[in-house]
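Chemist: Can you read through this structure? Questions will come right after.
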């Protein structure tokens with residue numbers, strides 16, 4: 001999968017991941033009839049509507065083998081795919097609290113329980129230490145299906161712990177961001193995590209350790225305004241939506257219609273906000289190459 005990296009270019013893989021005819025992949029004419037022919041669960045591509053078996057989609061890192069659309073990945077799947085070896089998972093000791101006794105249409109603890117059952121995760125950030133090829137790294141990934149990947153106190157705790165452990169072990173930190181922003185159910189406590197995570201990143205920079213951000217779809221709000229835009233290098237996946245306020249909010253404020261591809265990764269690349277757009281299949285090689293150069297490793 002190795003290929004040349006050029007800043008400001010969209011990178012595509014040279015490996016034959018997207019060749020038509022991969023077993024388990026069909027272009028549906030009648031979806032229900034086709035679903036009945038599968039012996040295992042299928043995933044429908046939101047772009048081309050191809051039906052792909054879950055096994056085939058997982059093997060292809062949740063990139064549609066038919067049209068190359070990048071589907072969302074669960075945080076745990078992403079990190080275990082990215083790392084050649086997982087050595088430890090951090091932050092499991094941190095548990096969410098409800099100091100505000102917040103209730104909207106549901107009580108905050110009830111929302112947490114629902115999110116935990118839905119995702120199998122205890123919080124919206126998963127942190128893993130491991131090896132990327134032969135390189136020891138610290139990684140973290142947001143689970144967007146856990147309350148929109150929102151950042152509360154536990155997410156802040158886990159991120160800060162990851163940064164501090166990276167400093168202790170002299171390792172780079174790689175963050176896969178996917179979030180709707182700060183968690184409203186925790187009020188000011190969630191907003192404080194913007195400052196806490198930013199301070200942790202600054203400590204890494206003072207130690208000369210790389211902090212790499214991979215922007216996946218979507219990244220908004222307080223996460224964009226803090227840890228997602230403080231990297232040494234910012235990489236985005238193709239077509240990822242990245243911004244602070246959402247498009248509709250901006251349109252209502254400025255009373256203008258914003259045309260596509262506003263807030264898309266490609267738009268941000270053209271305007272110098274991010275450094276690269278990298279195909280998911282090329283991410284491992286790209287991040288490895290960037291980190292080894294930043295750390296002056298052979």
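Quick reminder: no glycine exception, Cβ is built from N, Cα and C everywhere.
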Chemist: Write down the single range among 22-44, 45-67 that appears in TrEMBL as zinc finger.
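Modeler: My reading of TrEMBL: the zinc finger range is 45-67.
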Chemist: Per DSSP, what is the residue count of the zinc finger (45-67) in each of helix, strand and coil?
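Modeler: The counts are 6 helix, 4 strand, 13 coil.
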Chemist: Over all shown protein chains, what is the count of other CB atoms within 10 A of the CB belonging to residue 48 (Zn(2+) binding site)?
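Modeler: The answer is 14 other Cβ atoms.
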Chemist: So what sits near residue 67 (Zn(2+) binding site) in its own chain, CB-to-CB under 8 Å and at least six residues off in sequence?
Modeler: 45, 47, 48, 50
Chemist: What are the other residues, in sequence order, whose C-beta lies within 8 angstroms of the center of the C-beta atoms of 45, 48, 64, 67 at the Zn(2+) site?
Modeler: 46, 47, 49, 50, 65, 66, 68, 69
